[in-house]
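Engineer: Okay, here's the structure, questions in a sec.
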Amino acid sequence: MRLRLPVVCFLWEIAMIVLFGIFVRYNDEADPHWSEFMKAQNITSDIQNDYYFRYPSFQDVHVMIFVGFGFLMTFLKRYGFGSVAFNFLLAAFGIQWAILMQGWFHTFKNGKILIGVESLINADFCVGSVCIAFGAILGKVSPVQIMVMTLFQVTLFAVNEWILLNLLHVNDAGGSMTIHTFGAYFGLTVAWILNRPRLKQTNDKEGSVYVSDLFSMIGTLFLWMFWPSFNSAVSYHGDAQHRAAINTYCSLAACVLTTVAISSVVNKKGKLEMVHIQNATLAGGVAVGTAAEMMLTPYGSLIVGFICGIVSTLGFTYCSPFLSNKLRLHDTCGIHNLHAMPGLIGGIVGAVTAACATEAVYTADGLKKMFRFEGDYATRTPSMQGGYQAAGLCVSLAFGLVGGTVVGCILKLPIWGDPSDENCFDDEVYWELPEEDEEEHLGAANQYVTHLPENFKLPDRTEVAFK
């Protein structure tokens, strides 16, 4: 790694500098000519600059990508550094490449890519799909493999997004299809290609401890709190953005209760499992993404969250072991249960909600604005839109599976320096760890134990820690 990682980071960052220098420029709202643009567009105040509408949402989304996803993956007892820092690395590189790729497809004008605050949000969305895929292979790949995967996945994401939004003309405000379905099935396919048959027999480091689960819960709470911003960040100003935040809020709240209920039901002693609370409580935000700005209604959002809490929790209990034991698909973070299945549900909910849209509910102008029934799409009806939404879900699924297969085969090449089975899920391979005087800690623990009453019984977790 001493040679591979520095070379990849230096060369790719130099490439980003060159490409940004050639192609990337500020858009009208970030350019010094903003005052002239204001006059041309009859804009009377600087407060109407898109920055003031989008930046609060951008802040929330940015925190989700770097803090939320990063800390959510710190549950592994010996891979905390890698979880947070490698997520940081892939996201920092990914947003640069995403600005270029998405810019070439969406904001390329007169030979230049014009970027503003919405470009930053969309780049974060793109990187979000990579963070999701990273969860499936967490602890089993090298940093160089992570960078290579990011390069290819961002490219495929941009192509898939362009097909859905520009060719099929679908709505996907919160990215149930473009972000979650694509990212999850891409990551799962890569994990399947990179399967390690002897991993369970040769490595016992995959697992959590009390403190690592607590750190992971920090990521959960950041994601849960900011998900309404995630799903509404790029919606139209006004009622659509407002509605997206409300629908997400309701779905997330319902999801928590059903997750807790099912977690207790499936446990033989009726106890709760932290892996369910860390992950399944977020499934409602995933599933409401596509239909977030549609007239899903508050009670409809509660129903979506209710269903996803059940599906995701049962997935962690039954699907994950099945995938690992029968299909040789080892999913470290359980993204199949948090992103893949809820993403499919979200795509279906979006298709049905779009197909059921009427002028009586949206008004004639509202219906045209919601689904952009204008220009080449002026003759499209809600039922047709529902069909295209379903087609978009299939395209995202296909891109994830086929793209994941190709990229997985590339990552399987020995030139990337992947870790051995024995070194998986262990920070020591890639990080200088702080030295600890184990004898001093054990001595202090033993001294504490000798002063306890003879009939004192230590809690189970403490006994395990002392052992």
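Cβ from N, Cα, C; glycine included.
Got these off Swiss-Prot a minute ago, pasting:
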- N42: N-linked glycosylation site (CARBOHYD)
- 25-55: topological domain 'Extracellular' (TOPO_DOM)
- 77-80: topological domain 'Cytoplasmic' (TOPO_DOM)
- 102-119: topological domain 'Extracellular' (TOPO_DOM)
- 140-145: topological domain 'Cytoplasmic' (TOPO_DOM)
- 169-173: topological domain 'Extracellular' (TOPO_DOM)
- 195-213: topological domain 'Cytoplasmic' (TOPO_DOM)
- 235-245: topological domain 'Extracellular' (TOPO_DOM)
- 267-271: topological domain 'Cytoplasmic' (TOPO_DOM)
- 317-337: topological domain 'Cytoplasmic' (TOPO_DOM)
- 359-390: topological domain 'Extracellular' (TOPO_DOM)
- 412-467: topological domain 'Cytoplasmic' (TOPO_DOM)
- 4-24: transmembrane segment (TRANSMEM)
- 56-76: transmembrane segment (TRANSMEM)
- 81-101: transmembrane segment (TRANSMEM)
- 120-139: transmembrane segment (TRANSMEM)
- 146-168: transmembrane segment (TRANSMEM)
- 174-194: transmembrane segment (TRANSMEM)
- 214-234: transmembrane segment (TRANSMEM)
- 246-266: transmembrane segment (TRANSMEM)
- 272-292: transmembrane segment (TRANSMEM)
- 296-316: transmembrane segment (TRANSMEM)
- 338-358: transmembrane segment (TRANSMEM)
- 391-411: transmembrane segment (TRANSMEM)
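How buried are the listed features, and what sits near them?
Structural biologist: N42 (N-linked glycosylation site) carries neither a helix nor a strand DSSP state and counts as coil. Within the same chain, no residue at least 6 positions away in sequence has its Cβ under 8 Å from that of N42 (N-linked glycosylation site).
Long-range contacts of the topological domain 'Extracellular' (25-55) within the same chain, counting only residues at least 6 positions beyond its ends with a Cβ under 8 Å from a Cβ of the stretch, are 107, 112-119, 121, 233-234, 237.
Within the model, the topological domain 'Cytoplasmic' (77-80) carries an average pLDDT of 93.
Residue counts for the topological domain 'Extracellular' (102-119) by DSSP state, with H, G and I taken as helix and E and B as strand, are 8 helix, 6 strand, 4 coil.
Residues of the same chain lying 6 or more positions beyond the ends of the topological domain 'Cytoplasmic' (140-145) and with a Cβ under 8 Å from any Cβ of it are 1, 4-5, 8, 86, 89, 191, 194, 196, 199, 330, 332, 411, 416-419, 424-425, 430.
Within the chain carrying the topological domain 'Extracellular' (169-173), a Cβ under 8 angstroms from the stretch's Cβ atoms is held by residues 231-232, 234-235, 240, 244, 289-290, 292-294, 350, 354, 370-372, 377, 380, 385, 388-389, 391-392, all 6 or more beyond its ends.
Residue counts for the topological domain 'Extracellular' (235-245) by DSSP state, with H, G and I taken as helix and E and B as strand, are 7 helix, 0 strand, 4 coil.
Residues of the same chain lying 6 or more positions beyond the ends of the topological domain 'Cytoplasmic' (317-337) and with a Cβ under 8 Å from any Cβ of it are 72-73, 76, 132-133, 135-140, 183-184, 187-188, 191-192, 195-197, 199, 206, 266, 275-276, 279-280, 283, 311.
Beyond the topological domain 'Extracellular' (359-390), the same-chain residues lying 6 or more positions past its ends with a Cβ under 8 Å from any Cβ of the stretch are 168-171, 236, 239-240, 290, 293-295, 347-348, 350-352.
Listed by sequence, the residues of this chain that lie at least six past the ends of the transmembrane segment (4-24) yet keep a Cβ under 8 A from its Cβ atoms are 93, 96-97, 99-100, 103-104, 111-113, 115, 142-144, 147-148, 151, 416-417.
Away from its own ends, the transmembrane segment (81-101) comes close to residues 9, 12-13, 16, 19-20, 23-24, 65-66, 69-71, 73-74, 113, 115, 119-120, 122-124, 126-127, 130-131, 134, 138-139, 143, 146-147, 149-151, 154-155, 157-158, 427, 430-431, 433 of its chain (Cβ-Cβ under 8 Å, at least six residues beyond either end).
Within its own chain, the transmembrane segment (120-139) is flanked in space by residues 54, 57-58, 61-62, 64-65, 69, 72-73, 76, 79, 82-83, 86-87, 90-91, 94-96, 98-99, 101-102, 106, 145-146, 149-150, 153-154, 157-158, 161, 175, 178-180, 182-184, 186-188, 190-191, 194, 206, 233-234, 331-336, 339, 404, 424-426, which lie at least six positions past its ends and keep a Cβ under 8 Å from the stretch.
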Engineer: Under 8 angstroms, Cβ to Cβ: which one of 146-168, 214-234, 246-266, 338-358 has the largest number of such pairs with the transmembrane segment (174-194)?
Structural biologist: 338-358
Engineer: Who are the long-range neighbours of the topological domain 'Extracellular' (235-245) in its own chain, taking Cβ under 8 Å and residues 6 or more past its ends?
Structural biologist: 53, 173-174, 228-229, 292-295, 366, 369-370
Engineer: Do any residues of this chain, six or more beyond the ends of the transmembrane segment (391-411), have a C-beta under 8 angstroms from a C-beta of it, and if so which?
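Structural biologist: The answer is 133, 141, 145, 148-149, 152-153, 156, 159-160, 163-164, 168, 170, 172, 177-178, 181-194, 344, 347-348, 350-351, 418.
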Engineer: Which sequence-distant residues neighbour the transmembrane segment (246-266)? Criterion: at least 6 residues beyond either end, Cβ under 8 Å.
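Structural biologist: For the transmembrane segment (246-266), the nonlocal Cβ contacts are 174, 224, 227-228, 230-232, 272-273, 276-277, 280-285, 287-289, 291-293, 296, 298, 300-310, 312-314, 317.
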Engineer: Please spell out the DSSP helix, strand and coil residue counts for the topological domain 'Extracellular' (359-390).
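Structural biologist: Counts, helix then strand then coil: 24 helix, 0 strand, 8 coil.
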